[in-house]
Amino acid sequence: MSTTAVAAEDRAAPAARPRRLTELVLLVVAVGIGVAANILVDPDLLGSGDPHILVSGLVLGLGALLLHVVLWVRARHADPYVLPVVVALNGLGIAMIHRIDLSTDQSAAGSQVLWTAVAMAAAGLVLWFLKDHRVLRRVTYVSLLLSGLLLLLPLVPGLGVELNGARIWISVGGRTFQPGEVAKITLAVFFAGYLSTNRDLILLAGKKIGPLRLPRFRDMAPMFAVWAIAVGVLVLQRDLGSAILYFGLFLAMLYLATARLSWIVIGLLLVAVAGVLASQIFGHVAARLDSWLNAFDPDVYNRAPGGSQQIVQGLFGLSSGGLFGQGLGQGRPDLVSYANSDMIITAFGEELGLIGVTAVLMLFFLFVTRGFRAALGTRDAFGKLLAAGLSAVIVLQLFVVVGGVTRLIPLTGLTTPFMSAGGSSLLSNWIIAAIVLAISHTARRPVVTGPATDADLAEIAAHEAALREAARRDEQERAERRERRHDGHGRADTAPQPEVPAAAGAGPRTAETEAIAPAGASAHRDAGPHGAAPDGHDDDGTPTEAMSRLTEHDTRRTDGGAGGTGKGGTS
């Protein structure tokens, strides 16, 4: 970093420190929420010598303090609300998992505390080493290859493990891990890098059919590869939730890059068609749809496996919670299968009621809005797409989970971010939070003027190359249409061009001026009367066509000036 940049950040430090102090105060509140929830689950544990409350409180508190120090040193302009929100969600999740353990004699809470420590340490490493998020743009295609590798790992014999009908896990050293959780981050990096580089080509270089301009296949081929990955996950791994998440991320980032609602409409139509076909071809998809549509049918309820008992028990748990809930430790969330992972929202609904669930959803809403705020504030296209895409991942995953437990959509088995039991999910979501914090630091720090960096020059060059390619494509299409029109009317201009009389006082005609004169006459003829646009190219054409016409006009003027003998000369 240059001396000017360091001086600018030092001058901005007094304005940034109150934000870090705000973060510190909020972190104290967030850790207090997690510890208080753990105590309220079973107050008798305070005098029983159970170390869970102390250990979980220390992990949350020390981890939050460590991340706060890292932010103060490496990203002091980062958003002050993201970290406290994530700590609060993580603490509430540990408390509810511990509460369910007390009723089922499980020990998932201890594992969750351990994974919390690992995830917070990983987030700290990301924040420490990711000084500039734009370095991730260099690994755009590496991220795509890594995503494919991560999704193929569960299919490797001897490594992949099938649980509950889905083959999305790998077993290493007796512990299971879900590589697809990390793949959602690498896919977001790929989408952000590819779309920020090729956005103009996708928008402008393609055939226009009616009001739509369809991009060229070669520009969309990597995106279709990701669509194939999502379909492959559904077919080979039998995981409906992950397939919906990956394809939803694909659509969300494509819309964020192009701002065209038609992509969302087309994507939803593809999802509907794929859902109908999958229900006819795959038995497990048909069973999921049947359990969703006919959840209260006795035959469907009692069917094993693939029955609707989990959905119905979750709905009864939500209804028994009412508005205020039965209180932490007072309900029976253990009656719902997988209450500490897939159905943890129903556990909160039963014991904290509608108000408690709304508060949890508001924490997620705050996290997502701060992520989109960072996307709006950052000054590079890659950072905008990456922050918005990672925030969209959290929104999509939460929608699929809450929609599944409330029967808005079929139950898919995805976990609630930051709250459900599971180390791979917790690790990936903490890394997402760290990347969002790093981007928010870039968005909020003072703008320092100076020489353009290599990344800035590369982005400008890519943008200019895309515009040149789009202009060349449009010019080629116009030439082809003009040639077809002339051939169709049998008016190929084969007659010799009339000689253009020399202007008074002009010098003798040279080979260069003889070549320029017919070209000027032809251009004047094509332009139509009074310099109008050629036939088929009205003034209300696309911006790219207008830009191409202006460029062509300027080129002709330049060529004409170069052929003369003016007084300017070369400087």
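Just so you know, glycine gets a Cβ as well, placed from its N, Cα and C.
Where the annotation comes from TrEMBL, it is an automatic prediction and has not been curated.
Listed in TrEMBL:
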type	residues	note
COMPBIAS	467-492	compositional bias 'Basic and acidic residues'
COMPBIAS	550-559	compositional bias 'Basic and acidic residues'
COMPBIAS	560-571	compositional bias 'Gly residues'
REGION	467-571	region 'Disordered'
TRANSMEM	21-41	transmembrane segment
TRANSMEM	53-73	transmembrane segment
TRANSMEM	80-100	transmembrane segment
TRANSMEM	112-130	transmembrane segment
TRANSMEM	142-161	transmembrane segment
TRANSMEM	264-287	transmembrane segment
TRANSMEM	352-373	transmembrane segment
TRANSMEM	385-406	transmembrane segment
TRANSMEM	418-439	transmembrane segment
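Long-range contacts of the transmembrane segment (142-161) within its own chain (CB-CB distance under 8 A, at least 6 residues past either end) are made by residues 136, 167-172, 176, 179-180, 182-183, 186-187, 189-190, 193-194, 222, 225-226, 229, 232-233, 236-237. Per-class residue totals from DSSP over the compositional bias 'Basic and acidic residues' (467-492), listed helix then strand then coil: 23 helix, 0 strand, 3 coil. Of the Cβ pairs linking the transmembrane segment (418-439) with the transmembrane segment (21-41) and spaced 6 or more residues apart, fewer than 3 are under 8 Å, so the two regions do not touch. Proximity of distant same-chain residues to the transmembrane segment (385-406), defined by a Cβ-Cβ separation under 8 Å and at least 6 residues beyond the stretch ends, is recorded for 133, 136, 184-185, 188-189, 191-192, 195-196, 241, 244-245, 248-249, 252-253, 256-257, 311, 314-315, 318, 342-343, 345-346, 361, 364, 367-368, 371-372, 374-375, 378, 412-417, 429, 432, 435-436, 439-440, 443. At the 8 Å Cβ cutoff, the transmembrane segment (112-130) and the transmembrane segment (21-41) share fewer than 3 close pairs (sequence separation 6 or more) and do not count as touching. Across 53-73, 80-100, 352-373, the stretch most heavily in contact with the transmembrane segment (21-41), judged by Cβ pairs under 8 Å, is 80-100.
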